[in-house]
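A.B. asks: Mind having a look at this structure? Questions to follow.
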Amino acid sequence: MMWVLLPTNTYKHKWLPKLKSRFSSNYFGKQGVMMLIFTFPPLLVAVLSCVYLHLAAKLKPTAKKSDDEEKETRVLATWRKPMLVKGPLGIVTGIELAFLVMFVVLLFWSLFTYFSSSFKSIDATDPAFLGGLKKWQLKLDLGGLWLGLVGNICLTLLFFPVARGSAVLQFFGLTSEGSIKYHIWLGHAVMTFFTAHGICYIVYWALMGQMSQQMLKWSRSEISNVAGEISLLAGLGLWATTFPRIRRKMFELFFYTHYLYIVFVVFFVFHVGFTYACYMLPGFYLFLVDRYLRFLQSRRHVRLLSARILPAAGQTLELSFSKSPGLKYSPTSVLFLNVPGISKLQWHPFTVTSNSSLETDELSVVIKGEGKWTKKLYEMVSSSAAADHHFDVSVEGPYGPASTDFLRHETLVMISGGSGIAPFISIIRDLIFTSSHLQLKTPRLILISSFKTTADLAMLHLLLPITAASSAATANLRLTIEAYITREKQAAATSPFHNNNVRTKWFKPSPTHAPISPILGPTASWLWLAAVVSSSFLAFLVIIGILTGYYIYPEGKKSGELGFPMALTAFLYMLVLCACVAAASSGAFLWNKRKSGRDQTIQIRNVEGATPTAGGSPVGGGAVYEMTEELESLPLRTIEEATNLHYGVRPNLRKLLVEYCTEGGSTGVMVSGPAGLRHEAAAICSSGLADDSLQFESISFSW
């Protein structure tokens, strides 16, 4: 099949006519078969994954696993140990390393097979077959072709990791945040092969004296060189801003140039034709469905209820939004926020700190002012002018793991640096619910946190929700906090917990704002997603079948005649594809929105009636309320009793982890913070201490 796209003068006159005479141009001919071969199986896996996740969501957690399940867990824990800690790939587990090695072997095997078979056929043929070309020139021509084909293998998988709500990721136990590194690896591979592909042809055209002719060629029925050049330039512009130094220092440049992926994909399809682009269609199709559903969710502003504002030195705040009770999510989930008052295009991910079962009507995220966008948001929320300002906020998500299994450990050690404490807040609140409501035994919790100054200890105020019920629920929680203040040598005269400078503001949002709710309904969202994927793809097949049979290749036209422009065919196919995705997604979204509209109206009235005016005085005409410190201090007492303060030192992770793992049982280790902290903990866990009882739990919030 790959020979269909040979772009050289030699092969287009010798091989393409033979292939065209054998392949039917009608949709239900060989091209239609090729399209189904490369698109149907992955999409079928996506649909079945949705069904599996829907059934799995109905299972209730059990207190004890069977012996077979325990054995399987221990085997998986061995494979999940970090094998590579430092280097360009970051922390790589045994499973990831095994698949990475197999994928690299696949690429090199494909490249070797293509090169060896094609070069042997050139060496064995007679000079007349070369069409006046030298062997090295034809080898350079074919070498460029094969580099492009191998790059297309990487492109086939490129969009799977960035489909945030994809069932495929969660089926394999992956999250969108944790899969970003796979997208990065694949992206580097794609652009390396495609750049080499382009360079080979530029050199070949220059040596043949056909530079200007070939560079400006846009063929009607074959490879379009101009389209390939535009696609490559867009990819290079995108690729240049993805390297860590540029991405971290100029995030906005990285963010905006990433939209060049639209140009890259569209002109890639123009370059090779839609039929050959079916190699990468499944991943991009699922990404397109996910992206459009996210677009629908983000069109409506959500209700911002309150903000807990920490002291200005840390510039940290916790935003609480209204949510529908049917919205369920797992700990360590991520919510993407957009504040039009700062930027209409920028979306930033933040870890959800609330628990969907413990706090049924609210969803909270922690935001630390570490960049221009977050510092501007802190200034807007903490400013006294906020009383007269309605905060328009849009969200996408939340996205997270399908399930978590913290209960399998006897001890759970959570290591954080600075704002890295955010994902552990959601874990602690989830275990509070597990122990108090499900009556299940929870592991002993050890939180090791590093802070620069005493003022940063205010982050600990966010560990528990501000409710009296939550404080009572912490009675069975075995929590120990080891807090390290690295830039101060001694403790202050008074306890840092007694100097409570945390303020809570309650907002009265616009009536047009709505609670955060599931995109496709609370009860059968996975089944709705399966319906969207399957129905949109089926509609796409039917429409392009009709379009091809009655317009592109009407009856009476020779099946081998390619008179219709290939680029126009690709454009029509892409247009039909987008239209089918938009129609199916919009239909499912509007149907679920209509069903949940009544519940949201009732909830909005309840929230407005429950605005905590008692004990607090309204500020700024009733738009913002300051909370009394009595309710704020309830969870603070529990935190103060559980905290051990250490001044002027950094945590000795090796000593601490060895101490905790020798207490018996499995010890899970989770790290969130700077790269050096993550690498140190991963190296300790992979060193084989305490008979492998240390199990590194990979979470990825900073890559």
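Just so you know, glycine gets a Cβ as well, placed from its N, Cα and C.
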A.B. asks: Between 184-206, 253-275, which stretch does TrEMBL give the note transmembrane segment?
C.D. replies: 184-206
A.B. asks: Write out how many residues of the domain 'FAD-binding FR-type' (297-405) are helix, how many strand and how many coil, based on DSSP.
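C.D. replies: Across the domain 'FAD-binding FR-type' (297-405), the residues distribute as 18 helix, 39 strand, 52 coil.
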A.B. asks: Taking 89-112, 143-163, 184-206, 526-552 as candidates, which has the most Cβ pairs under 8 Å with the transmembrane segment (564-591)?
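C.D. replies: Between the candidates 89-112, 143-163, 184-206, 526-552, the best contact partner of the transmembrane segment (564-591) is 526-552.
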A.B. asks: Are there residues at least six beyond either end of the transmembrane segment (89-112) with Cβ under 8 Å to its Cβ atoms? List them, or say none.
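C.D. replies: Distant Cβ neighbours of the transmembrane segment (89-112) are 78-83, 146-147, 149-150, 153-154, 181, 185, 189, 675, 678-679, 682, 696, 698, 703.
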A.B. asks: Between the transmembrane segment (33-55) and the transmembrane segment (526-552), are there three or more C-beta pairs closer than 8 Å, counting only pairs 6 or more apart along the chain?
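C.D. replies: Yes, the transmembrane segment (33-55) contacts the transmembrane segment (526-552).
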A.B. asks: Taking a Cβ cut-off under 8 Å, which residues six or more beyond the ends of the transmembrane segment (276-293) line up next to it in the same chain?
C.D. replies: 4-5, 34-35, 38-39, 41-43, 46, 152-153, 155-160, 162-166, 168, 265, 268-269, 519-520, 529, 532-533, 536-537, 570, 577-578, 581-582, 585, 589
A.B. asks: Report, as numbers and ranges, every residue of the chain located at least six residues beyond the transmembrane segment (526-552) whose Cβ falls under 8 Å of a Cβ in that stretch; write 'none' if there are none.
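C.D. replies: For the transmembrane segment (526-552), the nonlocal Cβ contacts are 26-28, 32, 39, 43, 46-47, 50-51, 53-54, 57, 165, 167, 285-286, 289, 293, 520, 564, 569, 572-573, 576-577, 580-581, 583-585, 588, 592.
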